[in-house]
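J.: Heads up, here are the entries from TrEMBL:
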| type | residues | note |
| --- | --- | --- |
| DOMAIN | 1-251 | domain 'PUM-HD' |
| REPEAT | 39-74 | repeat 'Pumilio' |
| REPEAT | 75-111 | repeat 'Pumilio' |
| REPEAT | 112-147 | repeat 'Pumilio' |
| REPEAT | 148-183 | repeat 'Pumilio' |
| REPEAT | 184-225 | repeat 'Pumilio' |
Amino acid sequence: FPIYSVCWIELSFHIYLNFVPVQALEVINLEQKAQLVHELDGNVMRCVRDQNGNHVIQKCIESIPTKNIDFIISAFRGQVAILSMHPYGCRVIQRVLEHCSDEVQCQFIVDEILDSVLTLAQDQYGNYVAQHVLERGKSQERSQIISKLSGHIVQLSQHKFASNVVEKCLEYGDSTERQLLIAEIVGHDKQHDNLLTMMKDQFANYVIQRVLEICSENQRAMLLSRIRLHAHALKKYTYGKHIVARFEQLLGEESQTPGP
């Protein structure tokens, strides 16, 4: 134990030896963990952003009660969105969401994610943090995310990263929220047909396929009738073909369903 204490910081950043402090946290008792971890005080953000040091911070969060690592959690205040868009920071933020045992102490983490969720959804790393809250967060947190993304669903569905977040909104939202999202997707005016736009898009077509999987029977019937109108045209588009294939599969399943 004394050896670890002397070179804790140096080991945390070492490409080959950073496993030493990680393994130490698995075998020493809580009092020793608390003592050892405080060697990181003042270097938390440096560790989080380091390709080796971030593993040590993750292990601290996983193996030590939140009340004993307050200095680690506090270091993230005002930095959550920035960390969520960092290749290593996004992993650390997700570990906090998974292991934080003090909701009051960690509430600012979720609050800062919600404040920036529209930006995070479109980021190559931040989208995973947004998805994490949708999958594991409280119902009111999911509702806040869906509310903040509403009005942007068609555009976000055409985005490489944000389209995955939209799919999670559809999957984890309640029936009312799902209905509102689907209404936004199928809405159209004289100038724009959102559904057609999405069906032709390389990313949004997967959102439409997800909608077809989870929507109600009435919604599916309405969508299939709309898709039928565009089926011939969609076959001309690389990604539209995916929708036509799914459309034909669903029609085939319906035709095989025995009547009453």
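The first residue you see is number 1, and the count goes up from there.
Cβ atoms are placed via backbone N, Cα and C, with glycine included.
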J.: Would you kindly list the residues that approach the repeat 'Pumilio' (112-147) from elsewhere in its chain, counting only those six or more residues past its ends and only Cβ-Cβ distances under 8 Å?
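T.: Sequence-remote neighbours of the repeat 'Pumilio' (112-147) are 78, 80-81, 84-87, 89-90, 93-94, 97-98, 156, 159, 161-162, 164-165, 168-169, 171-174, 177, 180-181.
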J.: By Cβ distance under 8 Å, which residues at least 6 away from the ends of the repeat 'Pumilio' (184-225) in the same chain are close to it?
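T.: Distal contacts: 150-151, 153-154, 157-160, 163, 166-167, 170-171, 175, 178, 234, 237-240, 242-243, 246-247, 250-251.
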J.: Which residues of the same chain, at least 6 past either end of the repeat 'Pumilio' (148-183), have a Cβ under 8 Å from a Cβ in it?
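T.: That would be 114, 117-118, 121-124, 126-127, 130-131, 134-135, 139, 142, 194, 197-198, 201, 203-204, 206-207, 210-211, 214-216, 219.
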J.: Within the repeat 'Pumilio' (112-147), how many residues are helix, strand or coil going by DSSP?
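T.: Counting residues per DSSP class in the repeat 'Pumilio' (112-147), I get 29 helix, 0 strand, 7 coil.
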